[in-house]
Structure formats: C-alpha cells, structure tokens
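A.B. asks: Reproduced below are the annotations present in Swiss-Prot:
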type	residues	note
TRANSIT	1-16	transit peptide
TOPO_DOM	17-33	topological domain 'Mitochondrial matrix'
MOD_RES	25	N6-acetyllysine
MOD_RES	25	N6-succinyllysine
TRANSMEM	34-60	transmembrane segment
C-alpha cells in the first residue's frame, strides 16, 4: 500500500515537471542569435587569454 502510493507520487511528480527539450534548451545562455553568441564567446575566451598578457605588461610598466 505504501509502496504503491510512493510510486504514484513519483510518477506524478515526473509528469508535472516537464521542461522544454531540444538543442540549446539545456544551457544557461541563448544560441538563437549566432552573432550575439559569437560576441559573448569571444569576450569570455578572449578575456581569459588576454589577462596574463595585461598582467605582465602592468608588472613591466610598474616602477
């Protein structure tokens, strides 16, 4: 009796918790606009790549 009610509860929870599915729906940013995505990825990866160079430049120019 208890097992059946638990099983019914878990299946009803799964049925009620439906999210959108498909490509690009399970990531925290939008992939609908490819140019905006390109700009955001360039900023994200470019800032990580450029940071050491700016740090070294700052250290070399510091008195």
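Using the three backbone atoms N, Cα and C, a Cβ is placed for every residue, glycine included.
Tell me about the setting of these features in this model.
C.D. replies: For the topological domain 'Mitochondrial matrix' (17-33), the predicted model reports an average pLDDT of 80.
Following the DSSP three-state reduction, the secondary structure of residue 25 (N6-acetyllysine) is coil. In the structure as shown, the Cβ atom of residue 25 (N6-acetyllysine) sits within 10 Å of 10 other Cβ atoms.
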A.B. asks: Mind checking which residues of the chain, 6+ beyond the ends of the topological domain 'Mitochondrial matrix' (17-33), have their Cβ under 8 Å from one of its Cβ atoms?
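C.D. replies: The answer is 40.
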